[in-house]
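So that you can see what the record holds, here are the features copied from Swiss-Prot:
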- Thr26, Asp93, Val180: K(+) 1 binding site (BINDING)
- Gly150, Ala151, Trp152, Lys176, Pro177, Ser178, Glu179, Gly229, Val230, Glu231, Thr232, Gly253, Cys285, Glu386: NAD(+) binding site (BINDING)
- Lys162: active site, charge relay system (ACT_SITE)
- Leu245, Lys456, Gly459: K(+) 2 binding site (BINDING)
- Glu247: site 'Seems to be a necessary countercharge to the potassium cations' (SITE)
- Glu251: active site, proton acceptor (ACT_SITE)
- Cys285: active site, nucleophile (ACT_SITE)
- Cys285: cysteine sulfenic acid (-SOH) (MOD_RES)
- Glu463: active site, charge relay system (ACT_SITE)
Amino acid sequence: MSVYGLQRLYIGGGYVDATSGKTFDTFDPATGELLAQVQQASAADVDRAVASAREGQREWAAMTAMQRSRILRRAVDLLRERNDELAAIETRDTGKPIGETLAVDIVTGADVIEYYAGLATAIEGLQVPLRAESFVYTRREPLGVCAGIGAWNYPIQIACWKTAPALAAGNAMVFKPSEVTPLTALKLAEIYTEAGVPAGVFNVVQGDGSVGALLTGHPDIAKVSFTGGVETGKKVMSLAGASSLKEVTMELGGKSPLIVFEDADLDRAADIAVTANFFSSGQVCTNGTRVFVHRSVKDAFTQRVLERVKRIRVGKPTDADTNFGPLVSAAQLDKVLGFIDSGKAEGAKLLAGGTRLTDGHFGSGQYVAPTVFGDCRDDMKIVREEIFGPVMSILDFESEDEVIARANDTHYGLAAGVVTENLSRAHRTIHRLEAGICWINTWGESPAEMPVGGYKQSGVGRENGITTLEHYTRIKSVQVELGRYNPVF
């Protein structure tokens, strides 16, 4: 018997049964308890969802921007009213501490919808005079039906981030959440319907990567917004281009550097480093896992980090006092433990953690201790590859030029941070770092107003911020001739 029962698809403003006859299970990573059986979408189901979205999009786009804005604002109110209920589901599905999901996941998702609801009426074209009796004007028109493919680490937040600009601009979206954490996207669909979003404008199809491929290759999808790993992102981009030259937005992986200079407030730097590595049990794409510390302060900094790691409260995610929960799945646990073994084998010095936690109630969950490695080298696997778990690598450096070159020596470019009391050096360093999201003397906040996305193989395009709205529209140029037409022939 599962906690939440059978989960169906959400198409055309309500729940429908999948035609595949297949289901998959989702489990509580803290206890191993079966949370739900989820119906897997078939190709026919994806076609049905896209057809429903096309129909709903025409009605949605025909509304005024002010009407769409009001409906989205109602959805925001409903999200906030149901914050505690949604946070409880998210905690069971992801293993995140309840204090985290209550304060972050739904709150930040609602903030982004509210932000774009406010911008819906600000979508404008241009008027360009050519001569006395002729001018050009432009219209920003919706793309049509977009596909959203979510990651497992921030299920409802990612669904909000992807739907908000799409819907504000007059598009519809067919969304596929990760099969690892599939529950809260369905609740968002319920909320949009209750708020007044027309049937079909937001549909949810469940399943593994094969369902994502069906969406990415569908001829009636105009744009794909994907969050996930680099290798999968490359496949998405290839299929999107080969099928119908779809537009793409992709937020992919990272191996982000955090640079601590010799003049840094070391207590502040240690607080930042611990947050940048262990928030959400290290399952955050922007994690600052390569911690470069000036050699003169490395020992003092490391001592402060280890003191803070000892204060991390690992426990049941449903306990209010817990601030560090399990990894999302057994597969992710195995992956992280493999990286830890690699760090030990390659000569990194294990300073904290490094083991699976199995005592008591930990034994039934996917828990790994917060892990810190010292004496790391740039060529180590734990330094070069994305782990997506609670593993910090500390490296030392001597000069500014050296650390910038080493920080940039990666095919990732998602995030970077600098801790220093010298603001001139802070800005100078940040401007030379090849990363799309940067922080000075802080880490991790991504407000609705801030465009987020990566350089290099960490992504294409941006989410959030004003400019993202433009990428959910296409420009139509119109010339108007008021005077006499001068024929060529």
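Each Cβ is built from the backbone N, Cα and C atoms, and glycine gets one as well.
Note that the structure is predicted; figures quoted are calculated from it, not measured.
Annotated features, which come from Swiss-Prot, shown on the structure.
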residue: Gly150; record: NAD(+) binding site; CB count, 10 Å: 27
residue: Trp152; record: NAD(+) binding site; CB count, 10 Å: 21
residue: Lys162; record: active site, charge relay system; CB count, 10 Å: 25
residue: Glu179; record: NAD(+) binding site; CB count, 10 Å: 18
residue: Val180; record: K(+) 1 binding site; CB count, 10 Å: 20
residue: Thr232; record: NAD(+) binding site; CB count, 10 Å: 19
residue: Leu245; record: K(+) 2 binding site; CB count, 10 Å: 9
residue: Glu251; record: active site, proton acceptor; CB count, 10 Å: 28
residue: Lys456; record: K(+) 2 binding site; CB count, 10 Å: 17
residue: Gly459; record: K(+) 2 binding site; CB count, 10 Å: 28
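Sitting within 8 Å of the Cβ centre of Thr26, Asp93, Val180, and not among those site residues for K(+) 1, are the Cβ atoms of Phe27, Leu35, Thr94, Trp152, Pro155, Ser178, Glu179, Thr181, Pro182, Leu183, Val328, Ser329. Close to Thr26 (K(+) 1 binding site) in the fold, though at least 6 residues off in sequence, lie Leu34, Leu35, Ala36, Val38, Asp93, Glu179, Val180, Thr181, Pro182, Leu183, each with a CB less than 8 Å from its CB. Residue environment of Glu463 (active site, charge relay system) contains 24 other Cβ atoms, counted within 10 Å of its Cβ in all protein chains. When the alpha carbons of Thr232 (NAD(+) binding site) and Glu251 (active site, proton acceptor) are compared, the span between them is 11 angstrom. Taking the C-alpha positions, the distance from Cys285 (NAD(+) binding site) to Gly459 (K(+) 2 binding site) comes to 11 Å. By a simple count of nearby Cβ atoms, those within 10 Å, the most crowded of the recorded positions Asp93, Glu247 is Asp93. Candidate binding-site residues: Val230, Cys285. Fewest other C-beta atoms within 10 angstroms, Val230.
Remark: Pro177 (NAD(+) binding site) has Gly150, Pro155, Ala159, Thr184, Ala185, Val204, Gln206 as non-local neighbours, by Cβ distance under 8 Å and separation of at least 6 in sequence. When secondary structure is read from DSSP and collapsed to three states, Pro177 (NAD(+) binding site) falls in the coil class. Nearest Cα neighbour of Glu463 (active site, charge relay system) among the listed recorded positions (Leu245, Glu247, Glu251, Lys456): Glu251. When the CA atoms are compared, the recorded positions lying within 10 A of Gly459 (K(+) 2 binding site) are Val230, Glu251, out of the candidates Lys162, Val230, Glu247, Glu251. Among the recorded positions Trp152, Glu251, Lys456, not one has its Cα within 10 Å of the Cα of Lys162 (active site, charge relay system).
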